[in-house]
Amino acid sequence: MTATSSPTTRFTDRVVLITGGGSGLGRATAVRLAAEGAKLSLVDVSSEGLEASKAAVLETAPDAEVLTTVADVSDEAQVEAYVTATTERFGRIDGFFNNAGIEGKQNPTESFTAAEFDKVVSINLRGVFLGLEKVLKIMREQGSGMVVNTASVGGIRGIGNQSGYAAAKHGVVGLTRNSAVEYGRYGIRINAIAPGAIWTPMVENSMKQLDPENPRKAAEEFIQVNPSKRYGEAPEIAAVVAFLLSDDASYVNATVVPIDGGQSAAY
């Protein structure tokens with residue numbers, strides 16, 4: 001089975017909530033899960049991104065049920081609103097891909113402003129916490145649920161020039177493990193993925209920061225240290241997320257899964 005092929009019934013009648021659903025990993029995962037029968041609640045700060053993701057989902061799965069909600073994941077009231085919208089529409093939340101995030105500026109720590117640090121941590125860590133806080137209550141009352149948080153290889157090792165991103169993603173790893181220990185007794189599994197160099201709009205922007213004049217050269221040089229010598233693709237991440245949210249991963253809990261072509265082992 002390839003990363004883009006899938007069973008057709010694994011998520012039938014299951015409701016999956018995806019933040020950051022308007023692009024990149026969120027969109028690819030939405031398409032994957034819809035192909036497997038999921039009902040989707042997609043959340044993003046971009047209404048245009050959400051509409052594009054919904055169109056991509058319906059192209060793959062014309063009968064899919066898709067709810068879209070524009071929200072800033074760092075705003076508690078907006079998080080409450082997207083969770084409420086999901087439960088009012090579907091009645092439950094079986095899976096949660098807690099994925100929204102930004103990269104932020106690339107600067108050494110002494111040049112990384114407090115304002116930029118706060119911005120990145122607010123979205124990448126506070127946003128993950130707020131989503132968990134609201135969704136876990138629902139899952140506990142249901143007696144079941146699966147969560148996948150998006151961390152990063154930058155959350156399991158040092159990467160340099162990204163103080164806010166590294167701090168937030170390390171925090172996501174800690175939050176994942178702590179919450180998994182707390183909620184396993186309620187039939188809830190909480191894991192995280194740690195993507196590496198996956199070619200998404202975020203990584204493309206990162207290359208532009210590294211070399212504004214020649215981002216393609218920066219991209220080619222960056223990937224040479226990766227044992228796989230290539231960038232990953234969003235559907236490859238979606239396949240792992242789908243596994244972790246499915247019953248196939250029924251005894252996988254409190255785990256952080258690198259999806260990086262061997263990058264974290266080589267550094």
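Every residue gets a Cβ built from N, Cα and C, even glycine.
According to Swiss-Prot, the protein carries these features:
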{"type": "ACT_SITE", "residues": "Y165", "note": "active site, proton acceptor"}
{"type": "BINDING", "residues": "17-42", "note": "NAD(+) binding site"}
{"type": "BINDING", "residues": "S152", "note": "substrate binding site"}
{"type": "SITE", "residues": "E103", "note": "site 'Role in the determination of stereospecificity'"}
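Neighbour count (other Cβ atoms within 10 Å of the Cβ, all protein chains): 32 for T29 (NAD(+) binding site). Across the structure, G21 (NAD(+) binding site) and E103 (site 'Role in the determination of stereospecificity') place their CA atoms 16 angstrom apart. The Cβ of G37 has fewer other Cβ atoms within 10 Å than any other of the binding-site residues G21, G37. Distances between the Cα of the residue listed as 'active site, proton acceptor' and those of the recorded positions L17, L25, G37, E103, S152 are shortest for E103. DSSP assigns L17 (NAD(+) binding site) to a strand. Taking a C-beta cut-off of under 8 angstroms and a sequence separation of 6 or more, L17 (NAD(+) binding site) has the following same-chain neighbours: L40, S41, V43, Y82, V83, T86, I93, G95, F96, F97, V135. Of the recorded residues, L33 (NAD(+) binding site) and E103 (site 'Role in the determination of stereospecificity') place their C-alpha atoms 25 Å from one another. Under the DSSP three-state reduction, S41 (NAD(+) binding site) is assigned to strand.
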